[in-house]
Every structure is written in structure tokens, then in C-alpha cells.
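Lifted from Swiss-Prot, the feature list:
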| type | residues | note |
| --- | --- | --- |
| BINDING | GLY10, PRO11, GLU12, GLY13, ALA14, GLY15, LYS16, SER17 | ATP binding site |
Amino acid sequence: MTGLFITLEGPEGAGKSTNREYLAERLREQGVDVVLTREPGGTPLAERIRELLLDPSDEPMAADTELLLVFAARAQHLQQVIRPALAKGCVVLCDRFTDATYAYQGGGRGLSIERIAQLEQFVQGELRPDLTLIFDLPVEVGLARAAARGRLDRFEQEGRGFFEAVRQAYLQRAVQAPQHYRVLDAGQTLAQVQADIDALLPSLLEACRG
């Protein structure tokens, strides 16, 4: 069985984590070996970096610092989890990856896309996701869902303009490379979103079986 790298992306409150679990369950029902992971994080060291990135109580973080911490966590994650799992033929389902960097640090923070691309090449080499699922929904809906979860992290405390830029950056990437992306309407009911995921299963299983 061929290793497959699938990332799940979207703004706050889009339901990525819930739907990642659902997709993993559906793949495992078909005998697929699935590794679930997330960014920032995925290893003990990368999770410590995640805490720095999300903690709203720390000193104000410069945008460049944020970008470099994201890629530092990613480098560790790739070496310790993602590359070994793909080499074993697993399907890796990752909650956020480099598209999130282009969306949040590029779109939201306004950092240079060229700089992000340079770091992407340095850290990842030629490794890119085989498929990215973007869970899209109106910003106000996502922020309301995030607020309902309780205490907001450092990113969730950003204003609406930030998240509008994040959303548009995601959608622009999907337009630029439609063969690598599927945009799902995360504003639907959970059952409807999962029906859309089910519709993708045959092609995913075919790719897994090479």
C-alpha cells in the first residue's frame, strides 16, 4: 500500500479535528493504516512550540518569530512522525500543515509569500501533501463556534479582518492548484459535511492501493 499525505485545513471553528477523526475511522474500516497528527505539534518538542504559539499570556510575538517557530515545529514533526509514517505506507491525516502558514502568516500577518516558500523548501524539500481538504465557512460562523468552546487562544483572539484574510488565502490556494485541493462547505450540518467526505473515499482508497 502506498503512503498518502492528506492535510485538513480551514479557519477557526471549521470542524477539522472532528472530521479528521471521521475520515480516519472510514479509512480504517477499509483496512488502511492511518496516522493522525496535527500542527503545530505532533511530537513532544513540537507540542511545546505549539504552547508558545497559542499562549495569549506571553509577551507580544513578532510575526517573523511566529513564522520561524511554526517551521521549527514542522521540521521536528516531519523528521519524527510524517516522513517515517509515509515510508511505512501509512496514510497520514494532518490537522493543518504548510497551507495554514500561507493562510495565517501570509494572509493574516501579511508576511512575504516568497519568504514562506523559501522556508517551505528548506524544511520540506520536495514533500507536499497529496491532497488538502479545506473546510470553508463564513468567518462569523467559525468565530462563534470557537468562542463557544471556551477560552480563546492567541490566534482565536484576532479580529474579523485577520480571519477574512486567512479565509481568502486558503481559497486562493485552492484556485491556483485545484488538482491538489478539495473545498468542503463546513457551514453545513456535520452529517452533510461527512457525506461530502464519504464521496471522496473511493478516490482516496484507490490512491492508497496505488
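Each Cβ is built from the backbone N, Cα and C atoms, and glycine gets one as well.
Cβ neighbour count for GLY15 (ATP binding site) (all protein chains, 10 Å cutoff from its Cβ): 21. Of the chain residues outside the ATP site list GLY10, PRO11, GLU12, GLY13, ALA14, GLY15, LYS16, SER17, PHE135, LEU137, GLY142, ARG145, ALA186 have their Cβ within 8 Å of the site's Cβ mean position. The binding-site residues GLY10, PRO11, GLY13 differ in how many other CB atoms lie within 10 Å of their CB, and the one with the most is PRO11. Taking a C-beta cut-off of under 8 angstroms and a sequence separation of 6 or more, LYS16 (ATP binding site) has the following same-chain neighbours: LEU8, GLU9, GLY10, ASP95, ARG96, PHE135. Each of the binding-site residues GLU12, ALA14, SER17 was scored by other CB atoms within 10 A of its CB, and the lowest score goes to SER17.
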